[in-house]
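Enquirer: Reproduced below are the annotations present in TrEMBL:
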BINDING   A:93, A:117  substrate binding site
BINDING   A:172, A:173, A:193, A:228, A:229, A:230, A:231, A:232, A:254, A:280, A:309, A:310, A:311, A:312  NAD(+) binding site
DOMAIN    A:36-337  domain 'D-isomer specific 2-hydroxyacid dehydrogenase catalytic'
DOMAIN    A:127-298  domain 'D-isomer specific 2-hydroxyacid dehydrogenase NAD-binding'
SITE      A:256  site 'Important for catalytic activity'
SITE      A:309  site 'Important for catalytic activity'
């Protein structure tokens, strides 16, 4: 059996730090084990264009392992060429880089390591909210360049206490974000989702559901996106919706870059309609050098909290998703049932409600 | 009556943003009110040396208003020259810039606006912990300069979940920090303080007291300082204690810069004994341009989360401490009792246990 993994290059860092499991160098820690079971294991970061290792080896691989951090985009076209492909494993959470409808049609299963990094991402969201609201980045830059002018920072620094925070998507990540915000004495915690939370879960965090999206965003000082990318969420945050935001709101997106219209977000930040935008996801990854989200600022020169896609790839998370990937492989090889929560696409059908379907 | 306030210059920011109350320009919002009551109100940022407005006007002022952000240092020498001084008000929390023993001797009362910014600072602490543990600053700098190398960030990025966090000082700020950390599923929350928390308060946040300081720091992945500066805490974090920290621990200090030995902290970060140091307080403020804390880094080039002293000076906090300052003044002018929680030094004696005494 041929297993193909598309991971990111860790270079020197991965040689020095064996806990960087999700790199080409450290191969999710699976190399010895797969070899001992007699399987071929190809690992590469080369993923773009017809001559890439991805497009070459996908043609006879039986298992494909990818991550959201350096996504190998499995299009319908590639699915059609992947004659032996039976199983796609996302080492992490979020399988939007795979054409799920094509996977259904070709009876390719798609699995994620569902619990592996939801906490990591939720922590990143809370951090991002705090650093935008409290105006951290310009403050740190001021110190580093040798200046000291408290008023220039304080004029756009606020407390999270007393603000309204809302999540679009109250699933495994969004709910964890709200849980972590409970002790901050926010004015209110809101959520927008296709279904209400179970009553007890909503009560535990005193969260209120708002069913109309425009009404939802107009009530929030802070909006955080915690929904998967699919046909129903692509471009959801566009000029029209941003105009309905509270003037000066903050927006945090660690879900998927393409849920936001890139240029609409930049315009909203530059005009001050948004006071800040932070997150770690980009419409293309790696983001091009000239991507406007790298350097966009609000009118006072702050409000940018962007980082590369790493929130779900802490060393703690890498240990969990490497371990989870191995368990999925073991179940597959041994013909055992997979954990239900990990199955996005089963044999010829969707098994989750989280992704939009046809 | 002459009231002297030493505040920071807000320049253009303060002209454009009237909510920047704690600036020379906006005068804590007290100018009209004090004038209407027939008092003289001097406001200046000039505070160093014998020709400064501070040293000139302190000689006949009856009330002195200062802040921790741009502290007017009231030494024993100046107290002796301040023949009319009856009341010192700290617009904020932390009165270590006043020689409290001298105030006791000269029957000068010292009051703070005790609740005004404890939440603001607690939020800043939680933000700082998250951004150190998750390696935010190098990640953001990487994006801004046009690079993308996830492994260089991820190799020093961790989750807060599962870590041990401890506060030195579990008073109004330290306790609020622990409260906010409860939902993060830390391995344990610890505190070191001269007295145990009330049983119910400790149980509510499942915090465990460690009575020996060296034992305390050796158990923490993250240490946060939330104690006042006094004779007993000055230089507390020195080479000897830092050597007892867990290797690679993170340290957050939003209390007072002088609780840490400046050079010992820099050495610990540069050697990797500390993975990160963050906070907004400095041994001298404004910090000199060449202060080592501005640019010190760990061996991997990250771990610096320093900002100017603004965590307690958000616009929300400024509204609260301006309001609280006015109430203290009103009580004083009308001969009414002050709120007990605000009194650091009463007439000739300490009224709080938080500050070390003679």
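Cβ atoms here come from the backbone N, Cα and C positions, even for glycine.
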Enquirer: Look up residue A:309 (NAD(+) binding site) in the DSSP assignment and report helix, strand or coil.
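Expert: Residue A:309 (NAD(+) binding site) sits in coil per DSSP, no helix or strand.
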Enquirer: Have a look at the recorded positions (A:172, A:256, A:309) and report the one with the fewest Cβ neighbours inside 10 Å.
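Expert: Lowest Cβ count within 10 Å among the recorded positions (A:172, A:256, A:309) is A:172.
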Enquirer: Take the C-alpha atoms of residue A:193 (NAD(+) binding site) and residue A:256 (site 'Important for catalytic activity') and report the distance between them in angstrom, rounded.
Expert: 16
Enquirer: If you measure from the C-alpha of residue A:117 (substrate binding site), which of the recorded positions A:229, A:231, A:254, A:256, A:309, A:311 fall inside 10 Å?
Expert: A:311
Enquirer: Which three-state DSSP class does residue A:172 (NAD(+) binding site) fall into?
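Expert: In the DSSP reduction, residue A:172 (NAD(+) binding site) maps to helix.
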Enquirer: Which ones, out of the binding-site residues A:93, A:117, A:254, A:309, lie near enough to chain B that their C-beta is under 8 angstroms from one of its C-beta atoms?
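Expert: From A:93, A:117, A:254, A:309, flagged as close to B: A:309.
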Enquirer: Find the longest CA to CA distance in the recorded NAD(+)-binding set A:172, A:173, A:193, A:228, A:229, A:230, A:231, A:232, A:254, A:280, A:309, A:310, A:311, A:312; express it in Å as a whole number.
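Expert: It comes out at 25 Å between the most distant Cα atoms.
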Enquirer: Between residue A:229 (NAD(+) binding site) and residue A:256 (site 'Important for catalytic activity'), what is the CA-CA distance rounded to a whole number of Å?
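Expert: Here the two Cα atoms are 6 Å apart.
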Enquirer: How many Å lie between the Cα of residue A:254 (NAD(+) binding site) and the Cα of residue A:93 (substrate binding site)?
Expert: 12
Enquirer: So which of the binding-site residues is most packed in, judged by how many other Cβ atoms lie within 10 Å of its Cβ, out of A:193, A:231?
Expert: A:193
Enquirer: Determine the Cβ neighbour count for residue A:229 (NAD(+) binding site): the number of other Cβ atoms within 10 Å of its Cβ.
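Expert: Step by step: centre on the Cβ of residue A:229 (NAD(+) binding site), count other Cβ atoms within 10 Å, giving 24.
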Enquirer: Mind giving me a neighbour count for residue A:93 (substrate binding site)? Other Cβ atoms within 10 Å of its Cβ, every protein chain shown.
Expert: 26
Enquirer: Counting other Cβ atoms within 10 Å of each Cβ, which of the binding-site residues A:117, A:254, A:311 scores lowest?
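Expert: Among the binding-site residues A:117, A:254, A:311, the lowest count of other Cβ atoms within 10 Å belongs to A:254.
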